[in-house]
Amino acid sequence: MIFAGLAVLLISLASVPASFVYGEAELDTYIVFLQKPEGLSTLADGDLESWYSTFLPDTTLASSSSTTRLVHTYRNVVTGFAAKLTKGEVKAMEKKDGFISAQREKMYSLHTTRTPAFLGLQLNNGLWNGSNNGKGVIIGVLDTGVTPNHPSFNDLHMPSPPAKWRGKCQLPKCNKKLIGARNLVGDTYATDDEGHGTHTSSTAAGSPVQASAFGQASGVAYGMAPLAHIAMYKVCSEEGCPGGSILAGIDAAVADGVDVLSLSLGGASSRFPEDPIAVGAFGAIQKGVFVSCSAGNAGPASASSANEAPWILTVGASTIDRKIKATVLLGNKAGYDGQSLFQDKKFRHRLLPLVYAGANGRAASRFCAPGSLNKSVKGKIVLCERGGEIARIGKGQEVKDNGGAAMILMNDQPNGFDTLADAHVLPASHVGFVAGEAIKAYLNSTKSPKATILFSGTIFGNPNAPQVASFSSRGPSLASPGILKPDIIGPGVNILAAWSVSVDNITNPPFNMISGTSMSCPHLSGIAALLKNAHPDWSPAAIKSAMMTTTYLSNLGRTKPILNEQLQPANLFDMGAGHVNPVLAADPGLVYDLQPNDYIPYLCGLGYKDSEISGLIQRKAHCGNVTIPEAQLNYPSFSIRLGSTPLTYSRTVTNVGRANSVYVAKVVLPRGVNVKVHPERIVFNRLKQKATFTVTFTSKGFSAETYSQGFLYWLTKGYVVRSPIAVISA
């Protein structure tokens, strides 16, 4: 039973540290998943609390005790609680009726204006007009808090919140834009000390406001859904994002009445029943709430994606067509374009001595790690290498602290040509790997190498955009290889949005330009809000399908495919279904729909225990023979392992386009694979009509391949419905 409308109980634990020795045993925070026994399905709020208390040792129950250990209780998306417990206490719990599992809490991390125009969103036109700019939709953001007085959250022209809204305001003041906030990691206001939550929430649904940072990228900044409401759930602090708090945030948001959840955070791949984000998200979609999560910033490494559950939209990051140009000019007159948000107008464009930080052979020096340089760099331009787990801006700080005049930051080989416009602390240019190697070669070719940096400001029209960001996490999925992840990519590089404090001590109100899948996720969350307004009867899976089947696969000029950080064509594990196209997503023609119960055979097929699935769906589950392969799930994409035996999967599409329409199948074959679709023609005579087809994959020499990709199209006049096909060897 899900107790909609009830709030999450948060008990202050100021007296209990994160790791606390209780007697001879150490206390850790555990998330305890329960299944209510039959007869207890209609427990009232207080009765539910009482039932939870039966799982805890008597010493944890007195609220006046200095050792109160209950952290969160959950009622809406999952049954259970988080508490400070010893291993022995958890072991004793396992014998109690209703106990499913207890997971030690993990710490999750953040996945840290131009974009509406870049995405084709236009004021009073197209999707913004057709969706009323997201009017009436509530986006719940789980993050570091929010800066409530920022003009990106002004409520001019905003309607009142919908009558269903039941949230709280743990801020000095809320309004019709920022309608609520809760702090799940403390007992103070849900204000933002870090800037991240302010940035993500304004990206999703910020009000229009004049914006710039360091005088660059000037213009009017809009959120993706400028008339949607925002509710902030502070689940992260300086220490990170505790899993129990994340689950409490999702639980509270669903009770409060949000329509879309946006989570720009995550952790390593894990089993779905043990992942609080996956567990909470499943409870949310059972209530009709769309969930969008960042894929992570562990790219370009393969199989690095976070948030892999198929009921989550997993969002990778891509570039936009704007650069903040900073060109390195060498003494031999060779020039290499890079980027920097800080464009120092006082920097004299004269040639200065150029040195390589790693010339002494020490790894710490080449990465410009803190304490690795000395005053020998004074007055010189220093070439530093990206990496070494040193923040990019931190490298510049080391150069500046030792009197360096400027910094050239060069990529390592994996990051290729991907550069970022950071708010550096001194004149700087971030260049790609090839440019960096050329600068190194120049350094070794002369006894007196020199260089300067030429700042050109904001430049539009990058022909390679969108390009997959090097940091964007990649597939295949480890938790479920039969589901293609990430699902989609969206703008996540050099994104200008609201910030909590001024980064240049000039711009007011404060904005900042940062990069990460943290930035791409709220773009998709805002677009989901637009689609929710335009199609209030669509399920979360239908909204997701509409986005995934209408993406584009080429650059802005439509002259070349979307590229990766090496300027090579991106594959499906880089970009999922492709780059979001919100205008087409509003009218996709067909959708691949899923209801929550449809995931049960899929979860059984993954080999999860009945009790684990029961914890996810909040009622008893019994797999028995109710099981399907992963790739059989009615998903808008295909990810298959192919050997010598042919594989056949079915899909069902729902007509949301024209009542009378005929769709014809077309297949772009993966290399070495034959694909047969039956039937090849689907006829619809009404809206919401469903049709089922099968797809058979057969190897034609694929054994010599390790990866191949193709596409399945359903075509009719005015509609192109595309599903990506990723094939790896079995």
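Using N, Cα and C of the backbone, Cβ positions are placed for all residues, glycine too.
Taken from TrEMBL as is:
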- 1-18: signal peptide (SIGNAL)
- 134-558: domain 'Peptidase S8/S53' (DOMAIN)
- D143: active site, charge relay system (ACT_SITE)
- H196: active site, charge relay system (ACT_SITE)
- 353-439: domain 'PA' (DOMAIN)
- S518: active site, charge relay system (ACT_SITE)
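There are 25 other Cβ atoms within 10 Å of the Cβ belonging to H196 (active site, charge relay system). Residue counts for the domain 'PA' (353-439) under DSSP (helix as H, G, I; strand as E, B; rest coil) come to 28 helix, 18 strand, 41 coil.
Each residue contributes its Cα atom, and for H196 (active site, charge relay system) and D143 (active site, charge relay system) those atoms are 7 Å apart. In this structure, the C-alpha atom of S518 (active site, charge relay system) lies 10 angstrom from that of D143 (active site, charge relay system).
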